[in-house]
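Quick notes on the structure that follows.
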Amino acid sequence: MGTEMPVARQRWWQTWTAWILWMLLMVSVWVAIHWYNLESTMRTAEEALVNMCDERARMLQDQFAVSVNHVHALAVLISTFHYQKNPSAMDQDTFAFYTGMTAFERPLLSGVAYAQRVLHSDRGNFESQQGWTIKTMKREPSPEQDEYAPVIFSQETVSYLEVLDMMSGEEDRENILRARATGKAVLTNPFRLLESNHLGVVLTFPVYRIGIPADATIEDRVEATAGYLGGAFDVESLVENLLKKLAGNQDIVVNVHDVTNISDPLIMYGAQNSEGYKPLSRVSMLDFGDPFRKHQMVCRYSQKPPIPWSAITSPSGMVVILMLVAYILYAAQKRYVMVMEDCRKMEELKVQAEAADVAKSQFLATVSHEIRTPMNGVLGMLDMLLDTDLNLTQKDYAQTAQVCGKALIALINEVLDRAKIEAGKLEIESVPFDLRSILDDVLSLFSAKSREKGIELAAFVSDNVPQVLTGDPGRFRQIITNLVGNSVKFTDRGHIFIQVHLAEHPNMPIEGMVCPSTNGKVDELEVMSGGTAFNTLSGYKAADNRNSWENFKLLLSNEASLAAVSLNGRPCEKNPESVTLIVSVEDTGIGIPLHAQERVFTPFMQADSSTSRNYGGTGIGLSISKCLVELMGGRINFISKPNVGSTFTFSAVLQRCTVNAGGDPKRSLSEDLPTCFKGIKALLVDERSVRSAVTKYHLHRLGISVEIAKNTKMALSTLNRQNGCSRNGKLPKVLFIEKDSWNNSDVCLLNHFLERKQADHIHEVPKVILLGISECDKAKGESLVDIVFVKPLRASTVAVCLQQVLGMDNQPRKELPKGAVFLRSLLTGKNILVVDDNKVNLRVAAAALKKYGAKVECAESGKEALSLLPLSHEFDACFMDVQMPEMDGFEATRQIRLMENEANELAKLRRVQSNDSDIVPPQWHLPILAMTADVIQATYEECMKCGMDGYVSKPFDEEQLYQAVAKFVASKPLQGS
């Protein structure tokens, strides 16, 4: 505990340190992504600002150029109509009128005026001619100077400029001189306009008397100059009008500067003090056509561009994603640690489970041995007791005790089967067997109970099912026995019907054998009552509607068509070697309650506690059946309705077997049926279609052709029709009548036959056999018919009945082989050594073997057995118990095999040394059969490993004993013979 705390604390610190470092990394990532998004936003805003500023500068230049072109055109107009016309076509009124009418073409100009060039020598003539004196900008007479530029024409908006000398100002004079020398428009510095008080500039354009070439010198230009045309530009209005036409003006601040003197830029538009967000600004140069002056436009956002939500959400989302990734990685790492820890624990649990499995196997072996050992003695002694002379009461007691003992053995076998299934050690045999004989055996097993309860018990096998199949007959019989046993247990009226068909039939339900929507959805009164009957085997309603007569009839017709196809040489099987059977067991019992249907196949589970109390059983049969069906490659399921009944259906994959390959040549795979009935005709009177089809199936197995009539009246009409067609008397020899189709009024049927015979209409009266389901039916009808046959129908018992009623008892027939006869032929005169530490079991085994003519010698331990088995022994076989004191059966067998191997090697060596190939040394090998009450797979494997040849479980019966002995005694010569 002290060492675990520091480790836990260290893990805690490591975890928190990792999380803190990860959080710092996340903060760094958030800051980096946020900074990147801000930079991206600023770059985008800067690009937008550049585009907007350049666009505004370009538009301002274009607007200014248009106005300059209009001024230039007006200069050409003055030159043409004032100087090149004589007399002049231009005066003040004309100029004012024209410029006023075309003012809309010059929206950026507040007004235009024309100043004539006047030399000082011409001043007097000019003033006398104009009638006014040239004045300066201050409205004072102009002082003497080389030349003057008084305004003679003006637009009404600037009429206040008349008589003013434009060269009276130093800056204006320089602009005028520069304009006439270059021949281009010249701009002044920005100043406040007189009327609007807006910032503006004056555009000065030279007017020449005549056109001059483009390469004229300055002197030529000065000589040709006639005057100067000027216009005042309202820069503020110009920019304001322009910005109003553009979108996004509210977002940016625009300033226009005259930067001719870069050290002292002059504001042309905008506030004197800079406004807006200064970190982002754009400077666009303006070209107004004056190469001497330089202008620029400065644009900036009115406020800092807003931070977009993406700059916050993107890093936050990325951080969240990374945090989730970190959590996933942390959870995965934690899960990995947990899985590794779980794996470690599972390894420990696996070791414990394996140890528990070994303990369980040992426990089952011990329990099985300890129970079977005394049961072997009990059943053996009872069997020996039954071979003695007993009165009827004593024999009944002994038989009852024997039946109870066998039931206990069967229960033990079921528990052991379940243990084998859970361990995966249950194997399926593959031997030839006759399916119809197995069903006959099952019917025989439950015939007494069905007669006692008065219920119909019948089996039907499709004609297309092969006569001989290869599979595990014991396990197949076990499945059928479990299902039929449950049906017999829970059915008190109606019927139990076993059907076997091929899965290739389209009407046989294979897929979806369970219909949950119909399970249990039935009223308790939905059973046969009064005159209501269903077309089933007994007339009672069945749980599965798919087993109705309509489907059954369609199935029979399909079988006939498939048989015809097969006869034509075109089999329809996809895999001719494999056969898939569909077996259904239908009953009209109490059904299964809805709440219990989900756990039907759960081991040791029953519908409720009253089931075991009222009907008995352990609830393990169905779970074993399900496992066996799955081992046979099939599935099992059911449809059940309370108070109606249940139908269990399962599939099984078997192999075809056309010959008795691999079987015992001395024993038949099926019970041979007599052939003396072939060609006999029979008439069956039965009002129920399903039941008549079952009866017809059993009679066909004997070679009897059958015609069916619904009642005795229809039977008489059939007989009359046949008699009318043939006078040779080829009428049915046997008349089968179902008990519920017979009534007292039908006694006249026999009289009718006698009358027909006396009238020589028929040669022989048919034999009448009444078919009943209980012993009381036999007592009631014996006096009215030839014989009463009590069901269930089996081909062998029907054959015996027909032989009796037709007087065929004295005809030669093949004697059916008996197991006791074979055993006696095998064991008579054979020397058998039986080794067992239990004296009772020793007596039972010795008595069972002596019963069949064997000479038996007994030993009570492995050491004693070794002393009786020197190489000169004359024993033909040895039955060896497994669990014995001092030396168990395994060790004794190893010692015997070691001794035999040494003797065989020595004999082989002597043969080689003698160089005599004619001498065949004896090969010592004593057949040793394990004889134990322990029947689990592990014990069987251990038996084979130590050298034993076979396995006989206690208590052994006649069939088991035959199978064990026949392999070694019958198939090879005896020792010393």
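One-based numbering along the chain as shown.
Glycine residues also receive a Cβ, built from the backbone N, Cα and C atoms like all the rest.
Annotated features in TrEMBL:
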type	residues	note
TRANSMEM	12-36	transmembrane segment
DOMAIN	86-298	domain 'CHASE'
TRANSMEM	307-330	transmembrane segment
DOMAIN	366-656	domain 'Histidine kinase'
DOMAIN	681-806	domain 'Response regulatory'
DOMAIN	831-969	domain 'Response regulatory'
MOD_RES	Asp881	4-aspartylphosphate
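Long-range neighbours of the transmembrane segment (307-330) within the same chain, counting only residues 6 or more positions beyond its ends whose Cβ lies under 8 Å from a Cβ of the stretch, are 22, 26, 29-34, 37-38, 41.
The Cβ of Asp881 (4-aspartylphosphate) lies under 8 Å from the Cβ of Val835, Asp836, Asp837, Asn838, Asn841, Gly889, Ala930, Met931, Thr932, each on the same chain and at least six residues away in sequence. Residues 311-312, 314-316, 318-319, 322-323, 326 of the same chain sit 6 or more residues outside the transmembrane segment (12-36) yet have a Cβ under 8 Å from a Cβ within it. The average pLDDT computed for the domain 'Histidine kinase' (366-656) is 77.
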